[in-house]
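Participant: My questions will all concern the structure given below.
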Amino acid sequence: MDPTPELLFYVNGRKVIERNADPEIMLLPYLRKKLRLTGTKYGCGGGGCGACTVMLSRYNPTTKKLRHYPANACLIPICSLHGAAVTTVEGIGSTKTRIHPVQERIAKCHGTQCGFCTPGMVMSMYTLLRNHPEPTLDQLTDALGGNLCRCTGYRPIIDACKTFCKSSGCCQSKENGICCLDQGINGLPEFEEGNKASPKLFSEEEFLPLDPTQELIFPPELMIMAEKQPQRTRVFGGERMTWISPVTLQGLLEAKFKYPQAPVVMGNTSVELTLGAGLSLAQVKNILADVVQKLPEEKTQIYRALLKHLGTLAGSQIRNMASLGGHVMSRHLDSDLNPLLAVGNCTLNLLSKEGERQIPLNEQFLSKCPDADLKPQEILISVNIPYSRKWEFVSAFRQAQRQQNALAIVNSGMRVFFGEGGGIIRELSILYGGVGATTICAKKSCQKLIGRPWNEEMLDTACRLVLDEVCLPGSAPGGRVEFKRTLIVSFLFKFYLEVSQVLKRVDPVHYPSLADKYESTLEDLHSRHHWSTKKYQNIDTKQLPQDPIGHPIMHLSGVKHATGEAIYCDDMPAVDPELFLTFVTSSRAHAKIVSIDLSEALSLPGVVDIVTAEHLSGVNSFFFYSESEKLLATDKVFCVGQLVCAVIADSEVQARRAAKQVKIVYQDLEPLILTIEEAIQHNSFFKPERKLEYGNVNEAFKVVDQILEGEIYMGGQEHFYMETQSMLVVPKGEDQEMDVYVSTQFPKHIQDIVASTLKLPANKVMCHVRRVGGAFGGKVIKTGIMAAVTAFAANKHGRAVRCILERGEDMLITGGRHPYLGKYKAGFMNDGRILALDMEHYSNGGATLDESLFVIEMGILKMDNAYKFPNLRCRAWACRTNLPSNTAFRGFGFPQAGLITESCITEVAAKCGLSPEKVRTINMYKDFDQTPYKQEINAQNLIQCWRECMAMSSYSLRKAAVEKFNTENYWKKKGLAIVPLKFPVGLGSVAAGQAAALVHIYLDGSVLVTHGGIEMGQGVHTVASRELRMPMSNIHLRGTSTETVPNANVSGGSVVADLNGLAVKDACQTLLKRLEPIISKNPGGTWKDWAQTAFDESISLSAVGYFRGYESDMNWEKGEGHPFEYFVYGAACSEVEIDCLTGAHKNLRTDIVMDVGYSINPALDIGQIEGAFIQGMGLYTIEELDYSPQGLLYTRGPSQYKIPAVCDIPKELHIALLPPSQNSNTLYSSKGMGESGVFLGCSVFFALWDAVCAARQERGLSGPVRLSSPLTPEKIRMACEDKFTKMIPRDEPGSYVPWNVPI
């Protein structure tokens, strides 16, 4: 073994040599901190989000081939990179050299908003193109499957990537032999005509062509090294770990003999048809796909089943890094491949110094029985997967929260062998994953069924036997116990149908055919191809050529996002000597702190200090709204995740290590309140309650035909901004000045709270925000508290302090959207008119007030949505519970309040025997009217959006088609729903709407603009361009800082571009007015000439612009006011398909029509609408937070918490903007689109509701169905009651402690 080995690899074509490589260091921190390549982002640290995707390239000297594959830098130990070439986003192109076509197209197709996920998207796409310069759409969606984006809704990213495909634009599914592009939407040409007016949002003609010859070459040195060098085992020793890299099998065996307990971390070994254990799962997938094409079908049963799972297993990055051997040996309880390999009678080839040995991959091996396992000195060399035989059938099943890149809730492998036909079971093997501590085999059941014929009777017996044998306790980890029990038998039924279908095909005489209604059960829900149309407004012909307003203009930072040059808070270089701060949080939800022992933590190397509440005495709280918030806990804690103290150390690793050694002793306190029901029971509310009344509700209830009472529960939502909470505080060293660089939406609040904590005047604290990697309302109050503690540490030690939360910490500490419980009592006539509505809203506010009161106020004011209720009473309470405080989140109370109202309408429709859209239409606002708080409203555009959406979606035609489909299919159902939207925009007070800007003209004619809004990207620089009548290339927009524009309001509420744009407009008009005489004297001059002349005549070239805010007020005593400036109208129609056996669902198509006023930038508006819609779809269908009965959040990262991925976007998405109609006081009569679209996601919720009702109706289940949000696969499956849900055992409530509690 080499004494001091060199680790040699290449990054972006440059050689990197590490002499003392630390085995614990991963590639991501190495790239970011050591090589200062900050384009690769930290998003989750667990390979679940794709933000850190890089391309790895290796040369295989045996095959003489190069392999390029995407990988997550956060999971790659640098010691594994010897001889590899790493390519990061900086390596493929930059604005300084030239940009790569992938970077250009993602930017120009508007595929970036906050831009934080973009480098990862670019690298996934780049790697695909290195392997397949003209990829198919399948390869494309596969390549992006491991990358998450929270802003765009993916459609523009897919559009950008599609431009590289052979046949761009077409969905490639020729229905009825006609291409989708020829038949228009719904095959109706008339919509196409209207669409011709909208050019594309980007023009492909201008794009740089992809030239594969221009890519970075693989370093020849690495090839020579691989071919020539005598291979030596390299050993790297760190403080706590040693990394041994043997190069030969012999070397590995010796190392394993010497260190029998050491785990083997796989690289790549050779391949036989027996699959080598070192093959990556992606290579296994390619080999199997090849084998399946070459061999007859009967031999490839198990290979086909494995391929099915390999298509959805993790993302492309993980599949390329994870090895087959590693997957088999890890024996995860939810492994997708192990149940299949076990039913397929696979064997494992082992090797040690003693020689070779073979063991079966069976249940004993999977449960780690010592006799059936590897001995400590053995290693797994390869896996033998036998061919299947004639009359042998193998199937694979799985159900997860999200279709791809999500661990299965339950999965299964099943195999049956009929000997020589005749339909008698000779061998049967059934294994399940996800239902126990290991993969479980239903061995006894299978033995009892041998010799039975393959018929319904056998199926019935099999279900009962398997349920008896595979028993799952009510308190099982992972929860969802009844769902898992149901899936156990539902999968068995699917297997029965699959095999019966093949038997029928092979031997039609002996086997009864499946009922026609069952045929579709076996078809996949998931089509991978997407197509979309966008219809937007025509540009005014009188507009000047350089005027950008109304044009689809690329995001100002779009190209920088795509090249990784856009700098976010944690990309700022270290300020020497910099400290790192990490928080210690409470592990109890309601407890007294008995003692805190810091001694062990303080004794660790590198630890500088630990800040506790005692250090902050006198400044440990900050007043926000009407309650004070504590910075650090003093004697009691009120939620898990509450900040208790902060460890400051020389490095991030040292700080995190020390934080784990802080010893806190707690004494639990009563009561522990987690849910809204518990808060109501203990009367635990924040004051005051809010109430809105209109008309006379009690009288109206006396005259109605029917009265209905109901309730709906809605879970919360995690912001999941891609960039976690980040801050860097730098003391300036004189006059106690502080610079605070932070990712926030509210710099003024950060300035105030830091100044208050340091007992400084605000003029000594400057807060700077260049850009934010996503926020959605989640970077305001908690961000302020963390920034204050970080600033305190920086001030105390006179050194810069950085604090960057890990994803798990971020999700634990910061709250999200408020869970809601809505109760309603509706009085209505038989024709569907609702005359009286009495509502109660309860929100789960968490441990402190935060913005909860503001959220319930907005919820009440917006709860009428698009409907005129002549008599209405709505009361709302924010509950105080022992959870982290919930806070602002895009839509701000409306997505919850709106869902409650729509759910009530849906139930009224069912009660009247009318369709929901009929009841919606009859109760909708008509033309000029008055809201419940007596504000005037003109609803013409609402009606127009509703009608256009009905027409564009061919609602009545498709409704008939859905009903026909539902009568013909028993286990699959479709649903269709259309929902209107009225979203009021305004902040409730004039002061909250004021904005300021500063505009300078320099003597060379260039212009600098700064304003108080946070760079969410656009809108505002286009204003200066129009007002000053100069091209946008002359104008530069600086980041936001409290230094240039003081006292700016929070950036949120859909009004950022609007208010700040009006301030910029004001400044530009002031400047133009001063310069008018000069320009009129020299009309042919340039801006440079005019600026110089103005300077010579002593005319100021700098102006402050100001906008005082829209008129806005609300009197809660009287229940009336004018809180909003305008209303955004819209409508969305969604169609879904569900699998009644598993709860899986697919959004087939969504049509959205929006009234955006006069669009300033249609690309931006459409991007906001789509992004918000997909976020809303996640909220109402798959995003589910799990808490333990002790109040601990389980879902702390992308592996447990699922936001929509590429696989979730609708198969078809059509968006149309209404033509502009009404002029208003807003900026160029535009409307803010940031938030309204979230609510439209509930069109998917109600379409699922529709499908579930169809299933229940067919099964003879009368009476209303109560569904809650999010409507997950579990809730869909359990609502479609059938013989399988009736068959499963149920636990008595109270007889067990559940794993999780519904919050």
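Note: Cβ is positioned from N, Cα and C throughout, glycine not excepted.
Those TrEMBL annotations? Automatic predictions, nothing curated.
Straight out of TrEMBL:
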- GLU1235: active site, proton acceptor (ACT_SITE)
- CYS44, CYS49, CYS52, CYS74: [2Fe-2S] cluster 1 binding site (BINDING)
- CYS114, CYS117, CYS149, CYS151: [2Fe-2S] cluster 2 binding site (BINDING)
- VAL264, VAL265, MET266, GLY267, ASN268, THR269, SER270, VAL271, ASP336, LEU380, ARG398: FAD binding site (BINDING)
- GLN745, PHE776, ARG890, GLY1053: Mo-molybdopterin binding site (BINDING)
- PHE892: substrate binding site (BINDING)
- 5-92: domain '2Fe-2S ferredoxin-type' (DOMAIN)
- 269-390: domain 'FAD-binding PCMH-type' (DOMAIN)
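Situate these features within the shown structure.
Facilitator: Within the same chain, residues at least 6 positions away in sequence whose Cβ sits under 8 Å from that of GLU1235 (active site, proton acceptor) are ARG890, GLY891, PHE892, PHE894, PHE983, GLY1053, SER1054, ALA1172.
CYS49 ([2Fe-2S] cluster 1 binding site) is surrounded by 32 other CB atoms, counting those within 10 A of its CB over all protein chains shown.
Under 8 Å, Cβ to Cβ, and six or more positions away along its own chain, CYS149 ([2Fe-2S] cluster 2 binding site) finds CYS117, MET121, ILE157, MET722.
Residue environment of ASP336 (FAD binding site) contains 27 other Cβ atoms, counted within 10 Å of its Cβ in all protein chains.
Proximity of GLN745 (Mo-molybdopterin binding site) to non-local residues of its own chain (separation of 6 or more, Cβ distance below 8 Å) is seen for VAL772, ALA775, GLY777, LYS779, VAL780, ILE1014, VAL1050, SER1051, GLY1052, given in sequence order.
Take the CB of PHE892 (substrate binding site) and look out to 10 A: across all protein chains shown you find 25 other CB atoms.
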Participant: Please report how many Å separate the Cα atom of CYS52 ([2Fe-2S] cluster 1 binding site) from that of VAL264 (FAD binding site), as a whole number.
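Facilitator: The separation of the Cα atoms works out to 24 Å.
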Participant: Of the binding-site residues CYS44, CYS49, CYS74, CYS114, PHE776, which sits closest to VAL264 (FAD binding site) by Cα distance?
Facilitator: CYS74
Participant: Relative to the Cα of ASP336 (FAD binding site), which of the binding-site residues CYS44, CYS74, PHE776 have a Cα no more than 10 Å away?
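Facilitator: Cα within 10 Å of ASP336 (FAD binding site): none.
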Participant: Around the recorded [2Fe-2S] cluster 2 site, report the further residues of that chain (criterion: Cβ within 8 Å of the mean position of the Cβ atoms of CYS114, CYS117, CYS149, CYS151; site residues excluded), sequence-ordered.
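Facilitator: Not counting the recorded site residues, we get THR112, GLN113, GLY115, PHE116, THR118, ARG150, THR152, MET722, GLY773, GLY774.
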Participant: Quick one: which of these binding-site residues, CYS44, CYS49, PHE776, have their CA within 10 A of CYS151 ([2Fe-2S] cluster 2 binding site)?
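Facilitator: If one measures from the Cα of CYS151 ([2Fe-2S] cluster 2 binding site), the binding-site residues that come within 10 Å are PHE776.
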Participant: Take the C-alpha atoms of ARG398 (FAD binding site) and CYS44 ([2Fe-2S] cluster 1 binding site) and report the distance between them in angstrom, rounded.
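Facilitator: Between the Cα atoms of ARG398 (FAD binding site) and CYS44 ([2Fe-2S] cluster 1 binding site), the distance comes to 25 Å.
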Participant: Counting across all protein chains shown, how many other Cβ atoms sit within 10 Å of the Cβ of CYS44 ([2Fe-2S] cluster 1 binding site)?
Facilitator: 25
Participant: Using only the Cα atoms of GLN745, PHE776, ARG890, GLY1053, which the record gives as binding Mo-molybdopterin, return the largest interatomic distance in Å, rounded to a whole number.
Facilitator: 12
Participant: Within 10 Å of the Cβ of CYS52 ([2Fe-2S] cluster 1 binding site), how many other Cβ atoms can be counted across all chains shown?
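Facilitator: The Cβ of CYS52 ([2Fe-2S] cluster 1 binding site) has 29 Cβ neighbours within 10 Å.
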Participant: How long is the line from the C-alpha of CYS74 ([2Fe-2S] cluster 1 binding site) to the C-alpha of CYS114 ([2Fe-2S] cluster 2 binding site), rounded to the nearest angstrom?
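Facilitator: A Cα-Cα distance of 21 Å.
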Participant: Nearest to CYS114 ([2Fe-2S] cluster 2 binding site) by Cα, among CYS44, CYS49, PHE776 (binding-site residues)?
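Facilitator: Nearest candidate: PHE776.
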Participant: Are there residues of the same chain, six or more positions away from PHE776 (Mo-molybdopterin binding site), whose CB falls under 8 angstroms from its CB, and which are they?
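Facilitator: Expected: ARG150, HIS719, TYR721, PHE889, ARG890, GLN1175.
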